[in-house]
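Okay, structure first, notes after.
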């Protein structure tokens with residue numbers, strides 16, 4: 001091979017993307033697709049609200065206030081019935097199409113989500129949200145974005161751990177789009193779903209969230225979720241005073257979680273059809289809205305109103321009591337949606353009450369909007385057991401740096417107290433079942449196709465070209481029938497080239513490492529881990545029962561598989 005040709009081939013080999021670089025590129029694509037899916041879902045809800053109510057404000061509280069009493073009661077009930085019918089249809093899908101929640105797909109499953117079932121669940125959620133159900137719209141938005149990752153993983157036919165990572169990237173993109181919070185979106189999935197901050201997973205999550213945020217900023221009116229008035233807050237006495245908000249959030253989060261669990265248990269004892277359950281939940285919301293229209297929706301507009309101040313403590317207590325009952329009725333009935341935003345609403349009212357009391361005791365020390373923001377973050381940390389994500393989330397949602405220091409203190413306090421009083425978080429169901437899930441996986445679940453393979457009779461030139469093209473440290477050797485014979489190391493092969501060995505001749509048999517480690521496709525994941533413990537390489541060949549080479553698996557995918565219980569232990 002002449003000089004220019006060798007230089008060209010060497011340059012092309014160096015420009016060939018590595019597996020980690022390809023993963024980052026795919027994460028960016030998932031972020032774009034996830035953002036488009038969530039923007040489409042949000043637009044669909046706004047369209048339904050306009051068609052049904054003739055209102056384009058996007059505020060369900062504003063819509064409820066303008067409706068006559070009978071419509072205020074009927075709309076959530078009818079929406080619940082429709083949502084129940086759609087959800088029952090989703091549950092009747094074939095087993096392979098049922099999919100599930102994205103958290104379970106990442107922590108427990110094969111990283112796959114049923115497209116038909118996920119779309120039906122999203123339609124069910126849209127019916128609940130658009131009709132006034134007291135639940136967040138972020139749940140189905142994240143599910144649809146995660147579905148984009150699952151479909152891309154299915155199309156590329158990647159191993160299970162990589163497929164799970166793709167679903168996680170979609171979820172990060174969905175949260176970043178729903179809240180205009182790319183940093184918190186990545187941290188939510190890392191801290192709550194994956195329970196790991198390893199760069200192998202955090203890097204793709206960040207890329208997906210950033211890509212989604214760019215799409216949102218390009219296609220929509222980008223603005224923070226909550227509008228904070230200008231604040232001037234000291235970090236001395238104010239931080240200590242706002243720590244009280246964190247303590248109260250930690251004490252009150254367990255009863256809040258118990259209320260939601262109790263509502264689910266109460267509806268669970270009713271063996272009626274789904275449409276009856278969701279219809280009953282909607283009817284309760286409608287009846288509550290007769291006294292307090294603010295129970296409709298996820299509470300965004302009410303929280304923004306509270307941030308501007310001027311609420312009496314009696315009004316705050318009333319809206320909190322009615323909203324908690326509405327949230328319990330909606331989530332308890334089995335409606336599909338997010339609990340994230342109602343949790344922020346509860347924290348906002350708690351913070352406003354504390355801020356009002358502190359302002360009465362020490363006038364001018366604590367602006368009430370600061371207490372509202374700290375209350376949201378602290379209560380979120382207490383319910384999710386994710387203080388770092390909560391700090392980042394509130395900072396991005398309010399774009400108010402002045403509250404970050406007291407927010408950090410309050411979130412840690414709230415998390416610590418809540419963890420002592422109530423060991424399970426609001427997202428603990430899938431995480432608890434995931435502890436031993438990796439032990440059930442096999443080598444075939446991690447299988448990657450197309451390893452670098454060469455035959456027993458190949459020439460030195462073919463071997464050199466294969467090493468240059470694939471950039472691996474080892475090349476696998478098979479006989480004429482595809483049976484694995486061993487591997488050749490670049491460390492052993494390179495000196496022969498440097499010594500001027502002829503490229504036309506057959507490679508020497510002394511290069512073959514017949515004892516090279518390998519695993520069976522039926523080997524459990526723990527056995528693969530034991531093999532890697534004595535093998536310093538990044539990859540292992542995978543063989544079937546007759547010794548034929550099927551593909552390979554990587555140490556990175558194994559780490560991704562075992563990451564959850566290791567991080568959570």
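Cβ coordinates are placed from backbone N, Cα and C, and glycine is handled just like the others.
TrEMBL labels come from automatic prediction, so no person has curated them.
According to TrEMBL, the feature transmembrane segment maps to 24-53 (among others).
Summarising the annotation, TrEMBL assigns transmembrane segment to 73-90 (among others).
Under 8 Å from some Cβ of the transmembrane segment (165-190) lie the Cβ atoms of residues 23, 26-27, 30-31, 33-35, 37-39, 102, 105-106, 111, 113, 137-138, 141-150, 152-153, 158, 196-197, 201-202, 204-213, 215-216, 222-225, 386, 388-389, 392-393, 395-397, 560, all in the same chain and six or more residues away from its ends. The feature transmembrane segment is assigned by TrEMBL to 165-190 (among others).
Away from its own ends, the transmembrane segment (202-219) comes close to residues 20, 23-24, 26-32, 34-36, 38-39, 145, 149, 165, 168-170, 172-177, 180, 182-183, 185-186, 189-190, 194, 196 of its chain (Cβ-Cβ under 8 Å, at least six residues beyond either end). Taken from TrEMBL, the feature transmembrane segment covers 202-219 (among others).
According to TrEMBL, the feature transmembrane segment maps to 231-252 (among others).
Sequence annotations record features per position, and here TrEMBL assigns transmembrane segment to 272-291 (among others).
What TrEMBL records for 311-329 (among others) is transmembrane segment. For the transmembrane segment (311-329), the list of distant contacts is 134-135, 256, 259-260, 262-263, 281, 284-285, 288-289, 291-292, 294-296, 299, 302, 305, 339, 342, 345-346, 349-350, 352-353, 356: same-chain residues at least six beyond its ends, Cβ to Cβ under 8 Å.
Annotation source TrEMBL lists transmembrane segment at 335-358 (among others).
Taken from TrEMBL, the feature transmembrane segment covers 370-395 (among others). Beyond the transmembrane segment (370-395), the same-chain residues lying 6 or more positions past its ends with a Cβ under 8 Å from any Cβ of the stretch are 179, 181, 183-184, 187-188, 191-192, 226, 228, 231, 233, 238, 242, 245-246, 249-250, 252-253, 256-257, 303, 306-307, 340, 343-344, 346-352, 354-356, 358, 401-404, 406-408, 410-415, 417-419, 425-428.
Within the chain carrying the transmembrane segment (401-418), a Cβ under 8 angstroms from the stretch's Cβ atoms is held by residues 231-233, 235, 238-239, 242-243, 245-247, 249-251, 253-254, 370, 373-374, 377-383, 385-387, 390-391, 394-395, all 6 or more beyond its ends. As annotated by TrEMBL, transmembrane segment applies to 401-418 (among others).
What TrEMBL records for 447-503 (among others) is domain 'CBS'.
Residues or ranges marked as domain 'CBS' by TrEMBL: 511-568 (among others). Per-residue pLDDT, averaged over the domain 'CBS' (511-568), rounds to 80.
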Item to check | Same-chain residues at least 6 beyond the ends of the transmembrane segment (335-358) whose Cβ lies under 8 Å from its Cβ atoms | outcome: 80, 83, 87, 121-122, 124-125, 128-129, 133-142, 241-242, 244-245, 248-249, 252, 256, 260, 278, 281, 298-300, 302-303, 306-307, 311, 313, 316-317, 319-320, 323-324, 327, 365-380, 383-384, 426
Checklist outcome for this item: Same-chain residues at least 6 beyond the ends of the transmembrane segment (272-291) with CB under 8 Å of its CB atoms are 64, 69, 72-85, 87-88, 91, 128, 131-134, 322, 325-326, 329-330, 332-335
